[in-house]
Amino acid sequence: MTAPIPVVVAGALGRMGAEVIKAVVGAEDCSLVGAIDNTPGKEGADVGLELGLGELEVAVTADFEGCLCAVSQSVRDSGSGAVLVDFTHPSVVYEHTRAAIAYGVHPVIGTTGLSPEQLNDLTEFSAKASVGGAVIPNFSVGMVLLQQAAAAAARFYDHAELTELHHNRKADAPSGTCIKTAELMEELGKSFNPEEVDEHESLAGCRGGQRDSGLRLHSVRLPGLVAHQEVMFGAPGETYTLRHDTIDRSAYMPGVLLTVRKVGNLGSLVYGLERLI
């Protein structure tokens, strides 16, 4: 019988981290071996008790590198490869990903905010270290289908705008998912939204951010939202709208577990769930 995949979760007490831990604990082929979180007063607490899952005998720690070092040594002795699932903050995600690779732990990064330059650097670093990893802007299979549909529709429409809507505690804008959708639409190499009038904004930024391709991206942040995205295409006499709504974070868990199971077979860092399905 194959040994379960050792999994460390960073951001363990956050909303996404908690969902990941529930999914990992419920998966027969995975084993929770680390829980990293810097919430004050939680150091040393049993993460299972904190999340209402019962005792899991995995203590919460704020020592990111210390945890990775210990797990790396443990799996090296056992011959299996560990995985880090990171849902933390854009300000630390680059350092977290690089540290995981350095310790030989496969990073599965759900935290958005990495720049193209940082992604390139991490991809090169992971390839040199022969440590597979994945940066996934959105773990929803439904969102991958929307992105593929948007890329196909972009062949036929010259006018398009993207709107992403998230809860008001999301730090980065636009979302990594929205940027990824735009990038897929731009692979055709065409320009969008040719100017037909001399526009003037009476309120700066009200028309959204515009990429070099001409695509416009809009961000909405409100309490009550989870994660939502709309791509609207326009042509004379018609509009075509694609929309995906995440109602509950449990929707991401099949994609998270899929990535955890596949990342150990990769030779370097990949970007996007579509690379794995």
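Keep in mind that glycine also has a Cβ here, set from the backbone N, Cα and C atoms.
Swiss-Prot has this to say about the protein:
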- HIS166: active site, proton donor/acceptor (ACT_SITE)
- LYS170: active site, proton donor (ACT_SITE)
- GLY11, ALA12, LEU13, GLY14, ARG15, MET16, GLY110, THR111, THR112: NAD(+) binding site (BINDING)
- HIS167, GLY176, THR177: (S)-2,3,4,5-tetrahydrodipicolinate binding site (BINDING)
Whole-number Å distance between the CA of LEU13 (NAD(+) binding site) and the CA of GLY176 ((S)-2,3,4,5-tetrahydrodipicolinate binding site)?
22
What's the most sparsely packed of the binding-site residues THR112, THR177, counting other C-beta atoms within 10 A?
THR112
Tell me the coarse DSSP state (helix, strand, coil) of HIS166 (active site, proton donor/acceptor).
strand
Of the recorded positions GLY11, GLY110, THR112, LYS170, the one whose Cα sits nearest to the Cα of THR177 ((S)-2,3,4,5-tetrahydrodipicolinate binding site) is THR112
Under 8 Å by Cβ from GLY11 (NAD(+) binding site), same chain, sequence gap 6 or more
GLY17, ILE36, ASP37, ASP86, PHE87, THR88, HIS89, THR111
Residue from GLY110, THR112, HIS166 whose C-alpha is spatially nearest that of GLY176 ((S)-2,3,4,5-tetrahydrodipicolinate binding site), among the recorded positions
THR112
Per DSSP (helix/strand/coil reduction), GLY11 (NAD(+) binding site) sits in coil
Taking the Cα atoms as reference points, how far is HIS167 ((S)-2,3,4,5-tetrahydrodipicolinate binding site) from GLY110 (NAD(+) binding site) in Å?
16
